[in-house]
Amino acid sequence: MDTKIGSIDACMPNRTDMCSAANGAVSTIQNSIPTSVAKNPEATLGRHLARRLVQVGITDVFTVPGDFNLTLLDHLIAEPGLTNIGCCNELNAGYAADGYARSRGVGACVVTFTVGGLSVLNAIAGAYSENLPVICIVGGPNSNDYGTNRVLHHTIGLPDFTQELRCFQTVTCFQAVVNNLEDAHELIDTAISTALKESKPVYISVGCNLPGIPHPTFSRDPVPFSLNPRLSNQRGLEAAIEAAAEFLNKAVKPVLVGGPKLRVAKACDAFVELADASGYALAVMPSGKGLVPEHHPRFIGTYWGAVSTAFCAEIVESADAYLFAGPIFNDYSSVGYSLLLKKEKAIVVQPDRVVIANGPAFGCVLMKDFLQGLAKKLEKNTTAYENYHRIFVPEGVPLKGEPKEPLRVNVLFQHIQKMLSGETAVIAETGDSWFNCQKLKLPEGCGYEFQMQYGSIGWSVGATLGYAQAVPEKRVIACIGDGSFQVTAQDISTMIRNEQKTIIFLINNGGYTIEVEIHDGPYNVIKNWNYTGLVDAIHNGEGNVWTTKVYCEEELIEAIETATGEKKDSLCFIEVIVHKDDTSKELLEWGSRVSAANSRPPNPQ
């Protein structure tokens, strides 16, 4: 989704047009405040930051209080357009900001110094890997403590306050340490605009004594952000389009494959425009699912090597030319480096670069411009799709079970498929849900998110919270394994407090199934919980919650009817009991290949 700032589209910048400002010096400000400003309770750093968040489209901020950020939180929640969503821990607050950014285009979380900052760090790293603009705000030490050689609580006991900053430098694209008011305005604005332009997280630390002090730079409403759009090098763009068109027009059966960086390049519509114009068969990489419309007439499924949608890999890998738009090729997406692709057949289009086979590379070429231009130059060629249509055999239907037979996972997802519509969104947790949800056919308008590059187990609870908060008009369907749920279960509480209506399918198979299929051991077995009992305890009579436990298809059907009917306005938690070895065939294949890649012996030196 494109981020709007006022009436201006947020576009990616040239990476050289922003640099990290130096930390300001400690200053005494009380004597320099004009009387007119001092009387204005809104002319403060805290209110300025709040207004800036609202201006870029954030209406909810995910927080965990700590003594260094309490005054800042007072000023943030005083902003009429900003709602405080208090989370149970910092990790989930970061995951929630991640999920929120996936729908809104930008998200924010607020934690306290070091003890909170290091807790949220893992979630911020995940957002960085997925190119999500998350604004991580930390309540920092009193500005007077900098440079005093004092030891503060919530730190590791050294008189050096830079540990947290140094950690965030590797997982954010800009860091602002605000410990005086003179340059606070500039630092905050630069941080937020950089997050939007780079589509990466940023870090803002605000001294705990500063948010409530008026200052002249905050006396007026902030000037709306105006982000200069990045532009393609026109000559490079024309040359790239010409070379790509010549390459593809010579091909007999070319195909298109969409990848996850379509989002950051804001090129989803341009990709569809190219597919419409070219007539090529259209596939998506697993981490790009949800970015390419699956109702497109020439959509052939997910390309994931050996675990692709049926007949999709055969069409892609047998093509004599393939264009990958925004791909990420890692050991997971390549199924242990086993893709049968050849460089000399590929055009790889990244957000600002195009590489054609073994030939030329073109920099400073934006993906959106390239795809739109290429659409005008290609000759229509439907050969690959016709081949797919010729060999395609509809998927089989799971065997009909006996009455009260233990529920199978493939039967579960057959019923989840029927629940999907344009008013729903799917959140898939790391694990076998990756593979089962990948096979769901998304109706037009149905959202879909999962975290493949970082693959943090437990991500989905916080991400579900954030995504559902961002789009209350959609009903989120989250598929979460029991092992993952145990990592981040607490923020079911926050979903209840905020009256969310998510349906959570908790798949209870007794362990970390995805790890079992890569390399088994006793560490993959977890202590079983009474998950519905846990959610009932968290509910504690406050809010709208309905829980049930299902063992067979008949009970599942009844549970879904209740969740979508009588309890449609409730948070619905359905614990599904399945056999520990009941996994998708794709996970079995994928796990074996990833295991082989992980266990390669050292090359002799």
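Each Cβ is built from the backbone N, Cα and C atoms, and glycine gets one as well.
The following features are taken from TrEMBL:
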BINDING   D482, N509, G511  Mg(2+) binding site
DOMAIN    44-149  domain 'Thiamine pyrophosphate enzyme N-terminal TPP-binding'
DOMAIN    241-358  domain 'Thiamine pyrophosphate enzyme central'
DOMAIN    451-576  domain 'Thiamine pyrophosphate enzyme TPP-binding'
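Per DSSP, the secondary structure of the domain 'Thiamine pyrophosphate enzyme N-terminal TPP-binding' (44-149) breaks down as 50 helix, 22 strand, 34 coil. Within 10 Å of the C-beta atom of G511 (Mg(2+) binding site) sit 20 other C-beta atoms, taking all shown protein chains into account.
Listed in sequence order, the residues G481, G483, I507, N508, G510, Y512, T513, I526, K580 complete the 8 Å Cβ shell around the Mg(2+) site centroid, once D482, N509, G511 themselves are left out. Confidence across the domain 'Thiamine pyrophosphate enzyme TPP-binding' (451-576), taken as the mean pLDDT and rounded to a whole number, stands at 94. Of all the binding-site residues listed (D482, N509), N509 has the fewest other CB atoms within 10 A of its CB.
Residues in the domain 'Thiamine pyrophosphate enzyme central' (241-358) partition by DSSP class (helix H, G, I; strand E, B; coil) as 39 helix, 25 strand, 54 coil.
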